[in-house]
Every structure is written in C-alpha cells, then in structure tokens.
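Participant: According to Swiss-Prot, the record shows the following:
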type	residues	note
BINDING	Arg68, Ser69, Gly70, Asn81, Leu85, Ile86, Asp87, Met95	substrate binding site
Amino acid sequence: MKSVDLKILDARMRDYLPTYATPGSAGLDLRACIDKAITLEPGATTLVPTGLAIHVADPGYAAIILPRSGLGHKHGIVLGNLVGLIDSDYQGQLMVSTWNRGQTAFTLEPMERLAQLVIVPVQQVSFNVVDEFGASERGAGGFGSTGRS
C-alpha cells in the first residue's frame with residue numbers, strides 16, 4: 001500500500017491529526033483550521049484553511065477533496081468546486097472552497113470536520129487519432145441508452 005507524507009503547517013493541528021474512522025474508511029476528515037467561527041450566509045462561499053500541506057510526489061497518485069455527506073444533506077454545506085483535485089506535484093496547504101447552498105446561515109466552528117481527503121490512483125493517457133472505433137455492444141448510445149426501454 002502506498003504511503004503519502006502529510007505535513008502539518010499549523011501547530012494547532014497536532015491534536016487533530018486526520019485518522020481513518022474505521023478499517024474500511026476511504027477518506028480522512030479535514031478540519032477547519034480557523035481561529036474563530038465563520039458564518040456562511042446562504043449562497044456564500046469562502047476558502048477555509050485545513051492547516052495541512054500535502055505532497056503526493058508520485059504521479060501515479062492524486063488526492064481528492066470531497067464533501068462530508070452529513071454537512072451537505074443536513075445543512076447544504078458543500079464544496080464550491082464540488083470536488084477538489086490535488087495533483088501529485090502540488091506542495092501547498094490544502095484549502096477547502098466551502099459553499100452554503102442551503103437556505104439558512106451556517107456557522108463553521110474552529111477545528112470542525114469540513115471535508116474528506118481521499119488518495120486515488122491516476123493513470124495518465126496518451127491520445128491516438130483514429131478513423132473509427134471497433135464495434136461494441138453499446139456503440140455510441142449515450143444518456144439513458146442502457147436504462148429503461
């Protein structure tokens with residue numbers, strides 16, 4: 001299994017290091033590394049620091065930042081860019097673009113769990129221009145082509 005070194009930029013994070021909640025967990029919780037609460041009004045966005053820096057280094061891997069399901073479902077708090085992609089050569093602090101798509105103001109407290117970090121494999125592709133594709137059962141069938149008849 002690949003190990004990725006996470007560097008801590010903020011000493012306050014020492015007591016809040018990300019951990020996997022269960023042996024089957026794919027994501028690590030990212031926290032709001034802020035000094036005081038932030039209130040997000042409906043429709044508002046803000047960048048929230050996590051206090052963590054990452055350098056994946058291996059181009060065969062990347063990190064993605066995903067929303068926490070409870071915050072999105074209960075409070076309308078999601079990522080402003082829906083999914084954050086962290087390339088293997090990025091070396092800075094992880095920031096979470098936070099968007100309140102709900103109808104009421106939401107207050108984000110210091111060190112509150114805000115998003116999840118997942119490390120994923122990456123396969124870079126090369127392109128080959130062709131005149132046509134080989135036959136397949138599906139062909140060019142698009143939206144809904146494998147659903148209801």
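Indices start at 1 and increase along the chain as displayed.
Yeah, the Cβs are placed from backbone N, Cα and C, and that goes for glycine too.
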Participant: Ten-angstrom check, please: count other Cβ atoms within 10 Å of the Cβ of Asp87 (substrate binding site), all chains counted.
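Facilitator: Counting Cβ neighbours of Asp87 (substrate binding site) within 10 Å gives 12.
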Participant: Among the binding-site residues listed here, Leu85, Ile86, Met95, whose Cβ has the fewest other Cβ atoms inside 10 Å?
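Facilitator: Sparsest of the binding-site residues Leu85, Ile86, Met95 by Cβ contacts within 10 Å: Leu85.
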Participant: Which state, by DSSP, holds Asp87 (substrate binding site): helix, strand or coil?
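Facilitator: DSSP call for Asp87 (substrate binding site): coil, neither helix nor strand.
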